[in-house]
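Peer 1: Sharing the feature lines straight out of TrEMBL:
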- 7-27: transmembrane segment (TRANSMEM)
- 99-117: transmembrane segment (TRANSMEM)
- 138-164: transmembrane segment (TRANSMEM)
- 207-232: transmembrane segment (TRANSMEM)
- 253-270: transmembrane segment (TRANSMEM)
- 346-366: transmembrane segment (TRANSMEM)
- 378-397: transmembrane segment (TRANSMEM)
- 403-420: transmembrane segment (TRANSMEM)
- 427-446: transmembrane segment (TRANSMEM)
Amino acid sequence: MAAGKTAWLLLVALRLVWVVIPQFGYIHPDEFFQGPEIVAGDILDLDVHRSWEFNTTSPIRSIVFPYLISGPPFYLLKYLIAAGFDARGLILNTMTLLVLPRLMLVLMGFVMDFFIVRMSKMTGSDRWSNLLLFGSSYVAIVYMSHTFSNTVEVLLFTALLYFVMVDSEQNKENQPASKKEQISVKGDKEKTLDLTKGNGHYFNATAISSIIVMGIFNRPSFVAFAIVPYLYWLKVRCSTYDFDSLWKVAGKIFSCIPGAVLTLAVFTLIDSMYYGSPAKILECLHGFVELILKGGCCLTAWRGKMAEFSSQLTLTPLNFFKYNSDSKNLAEHGIHPPYTHAAVNLQILFGILPILFLLDIIRWVSTRRPSSRIKAPYCALLYMCFLIPLALLSLVPHQEPRFLLPLIAPITLICGGKIFGQDSYKVLKVTWVIFNILAAMLFGGLHQAGLVQCISYLQKYLYSTRQDSATQHIIFYHTYMPPRHLLAIPNHHDNGEGHRKSKVFVHDLAGASEEVLHSKILDIMGSMKKKCGEIYVVSPATLYFHCKKIQSGKYEYKLLEWFSPHLSMEDPPDLERDVLCEALSDRDCREKCFKDVSREWEKIKHAFALNLYEIELKYV
């Protein structure tokens, strides 16, 4: 136990320290563009890119959770700047904008450890084994420290499971063998008192219903995760299918209404005021108050006010379902085979755990005794909480590993003892540790990791030249979408002609061809006054477009800086070419690129790097 506690504390420290260092790994653009990018533009008035999901006409993302996560740290930065603590750019910079929201999320994520401890006790599994499994998972260390809406979904799903189990345990404690006790009322009447109903039950019902609504607003796909716990909760008090049991189920459904309606109202009102007109919404609410105070019962007046009020409401989950119901929209994000989640994504996230989970199910089906030593009712619940969401999400054509992140809760409770239990096999533990070390290095420190480092370098440079009159253009080529807010560029508002009065322009060319890059550079050159602008190109070191002779002869590339490690899965290094230097056809280019590299390790670092080029203009 002491060793398990020490190991868990070390893993907790690792979660905190690696966030602050920080993690430069960039998993997916959504970790920035569905949260910090939007909030930074609102609170700190920075020049940002608002993704289509947050448009004002038909937004599909609720603004509540992005503000809950990124709002407090960004408001803190705003306060410190207003108080005069940012004289040298030490407060508002790439690192603070990157680290603080992640740190906020990690601190919120420690509630996950609490839920695991409590659920381990209720299910009969070993808490230290489960804590070690969760804490050593790169999902907890890397994914859950990145500002994904999926991370919030993990916390909400685990909280839902916890309250369902708590209510089930309270039901067991409150019911004697006969399930009901007879008490005498007023000395002459016998009334039946159902001891399963009380303040605890109504609190749990409110919590469960509120969590489900919050989860749907955060990610409407939460329905797939919530359906099994909710149905289990409805069934938990009903041992038979008679009228009395159906009446109890109806009562439980009705007990959910207050929490669900209140949460729905709060989230809808916040989203409506954010995306719409707060003044019009407040005017409608004031109109309702006036009707009530006047004692008006005119249906026409109420209908008019309701129609006016409903036209101002924004229901983001509804917009989300409308958008995703169109197969053309899904095709834009990528179509995957239905087996992608089960065959690929589960293994990417959890390594060997899905196999152990499947073996446990097979044993349970064949012998009715799971090897995980979990109480039978909870064992079935956890199996279904894993299998049903997996099956439902596999029906959706677009499938990414992070969509399955909430499954870490049931798989941890089932498999914790198999990896870190006293009777576990050492080979499983070693395999698990090696897998998570490699995955953490890949997604936390290597994948697209040079991009944030490069942005930090550019941010410092832009801050030092903020008084200059030269216009600066930054072209990102074959990289993930650059988070604009990390550049900390002040938002110069529209000048009335559709252009921002800014001297810094960011151009994201994604995976465009070299011809598009060349054309973009020429267009920028044509828009700049002679020698009054700067052009930079950011691209993986694995691309050798800069070595080719520019036919126009109007510019050339100058390597300004390189940032390592950086791995682009779309443009991976060719080790034979980039490290062994045997397949590069242009020997002069090879010598130019590696003229200062004398050791193999340095060659590898150059191969796994992101380059920053300055365009040297040649005006005739």
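Positions of Cβ are set from backbone N, Cα and C atoms, glycine also.
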Peer 1: Six or more residues out from either end of the transmembrane segment (99-117), which same-chain residues have a Cβ under 8 Å from its Cβ atoms?
Peer 2: 12, 15-16, 19-20, 22-23, 35-36, 69-70, 72-74, 76-77, 127, 130-131, 134-135, 140, 144-147, 151, 154-155, 158-159, 161-162, 409, 412-413
Peer 1: What else in the chain is close to the transmembrane segment (427-446), if you only count residues 6 or more beyond its ends and a Cβ gap under 8 Å?
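Peer 2: For the transmembrane segment (427-446), the nonlocal Cβ contacts are 18, 23-25, 27, 133, 136-138, 141-143, 348, 351-353, 356, 418-420, 565-567, 608.
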Peer 1: Is the transmembrane segment (378-397) packed against any residues at least 6 beyond its ends, judged by a Cβ distance under 8 Å, and which are they?
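Peer 2: That would be 122-124, 161, 164-165, 221, 224-225, 227-229, 232, 324, 327, 330-331, 335-336, 338-342, 346, 357, 361, 364, 370, 372, 403-404, 406-407, 409-411, 413-414.
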Peer 1: Using a Cβ cut-off under 8 Å, which residues of the same chain at least 6 positions beyond either end of the transmembrane segment (207-232) come close to it?
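Peer 2: Beyond its ends, the transmembrane segment (207-232) has Cβ neighbours at 62, 64-65, 149-150, 152-153, 156-157, 159-161, 163-164, 167-168, 256-260, 262-264, 267, 271, 316-317, 320-321, 381, 384-385, 388-389, 392-393, 396, 403, 406.
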Peer 1: Please give the sequence-distant neighbours of the transmembrane segment (7-27): residues at least 6 beyond its ends with Cβ less than 8 Å from one of its Cβ atoms.
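Peer 2: Same-chain residues near the transmembrane segment (7-27) but 6 or more away: 95, 98-99, 102-103, 106, 109-110, 113, 128, 131-132, 135-136, 140-143, 145-146, 148, 402, 442-453, 480.
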